[in-house]
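TrEMBL annotations:
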- 130-157: coiled coil (COILED)
- 333-360: coiled coil (COILED)
- 319-331: compositional bias 'Basic and acidic residues' (COMPBIAS)
- 1-263: domain 'F-BAR' (DOMAIN)
- 326-403: domain 'REM-1' (DOMAIN)
- 443-503: domain 'SH3' (DOMAIN)
- 310-333: region 'Disordered' (REGION)
Amino acid sequence: MDWGTDLWDQYDHMDKHTQSGIDLVDRYIKFVKERTEIEQSYAKQLRTLSKKYAKRGSKDEQDCRFSNHASLQEILNELNDYAGQRELIAENMMTGICVELTKYLQDIKLERKTHLSDAKKAQQFLEGSFKNLESTKKRYAKEWAEAEKAIQQSEKTESDLNATRLDVEKAKQHAHARTHTAEECRNDYAAQLQKYNKEQNFYYYSEIPQIFNKMQDMDERRIRRLAEGYCQFSDIEKKVLPIITKCLEGIYAAGGKINEKQDSMLFIEQHKSGFERPADLEFEDYTQGIKPATSDSSLNPPKVRAKPFWPFSKKHKPPPAEDFSHLPPEQRKKRLQGKIEDISRDLQKTQDQSEALEKMKGVYEQSPQMGDPSSLEPQISETAQNIGRLRGELAKYETWLAEAVGGEESSNAINNNQHGVLAADQSQSFYTEFDDEFEEVETPVGHCTALYTFEGNSEGTISITEGELLSIMEDDKGDGWMRVLGAGGEEGYIPSSYVKLGP
């Protein structure tokens, strides 16, 4: 079964059907274009989201040393890669489906127009042939009527007694001529009829079936190409699914890498001060030195406000020292070790640069055409100076590190006895401490609310309770502690992460 055989008389339906198929291809192209726009927008939003929550800055980089922080960064990186795959889907759909189908659609429109034009021409040719047949037939009918009329007139003239022989002869000749003309028209009509039947047979049994079969083949090819486009819609995404799966697996693996114990230990290593816990306070017996009361003033001596001891005082914090002596022992060691590593890297880099310059100078000396050796002298001299400077700094920091490591035990011992020394000093300088009550009041730099309860058991810290309003006397300087004033007048250090800024 084919269009040329079974639909030979359904030209109009064929025209509408093929146009509907072309419209479907165009509709599918528009659908895929909108899908690509959605994918591109989705990918852009994913990239923006990933960028928004990515860590930046030195403090954030320090946080990323913790596994739970680092895992989030890995998830954001995987999400960024995932967005790239969505962009790849959009790009492949645009080039593989939209562009290719648009080009194919133009070709098939031109092919359809050609087939319809051929069918129109064939129909017009057959209609022209039929008009010629009708014209020949009418002429034959007219001439035959004239011939019959001439024959009747000739017979009438011949039977008329008054007609002369000449009239009879003339009427016969006219009738003969008309009859001859009618016979010629009849032959023309027969020939035209035979020609038309042949052309009609060719039109209905050969020409139109071929054209309609070509249109059928064109439509079937259009359907097959559209079906391939439908499959591409799925295949394009399936091709990137392995990479998308890897991205998702990477996100899952990032969650599995988190080690809560390791993060806790890392936090301890980052922030432990190295101070020993304070020793017990000794009982101070004031009864040995009290005289009998002689007045109200002697019975009620002014109360002394004992200043708390700060293991790393920040109230009158000195400016940061180059040897990091303003930091607690453990933190000082770490900062010194980090500084030594940085200087060592810079020194190695500078030494490599010096060696490269010396080699280049040797090449210039052996091959003067390649360059002037003296032109490298300023760089060599500057590099040598840098090496000397870096070596001096390295030796200086190594000395400080040796002091920090060697003096750690003695500093701990001193810390254990500081409470007793402080108490003795306070008892000897009673009125000096009393005068300190009138020191200039320090202005808070802000306010905060305690999120959790904190027991300030170590020297320099204070205890806070959840929901307590606090005044910030000194912000966090990067070590995780801030100095605050409690509601009861206590002043000391608390972890910065235990409070929320604002009232």
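Each residue, glycine too, has its Cβ placed from N, Cα and C.
TrEMBL: automatically predicted annotations, no manual curation.
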*For the compositional bias 'Basic and acidic residues' (319-331), DSSP counts of helix, strand and coil?*
3 helix, 0 strand, 10 coil
*Same-chain residues at least 6 beyond the ends of the coiled coil (333-360) whose Cβ lies under 8 Å from its Cβ atoms*: 269-270, 274, 323-324, 327, 371, 376, 379-380, 383-384, 386-387, 390-391, 393-394, 397-398, 400-401, 404-405, 408
*Which residue counts does DSSP give the domain 'SH3' (443-503) for helix, strand and coil?*
3 helix, 27 strand, 31 coil
*asked:* Taking only the residues in the domain 'F-BAR' (1-263), give me the average pLDDT of this model.
replied: 91
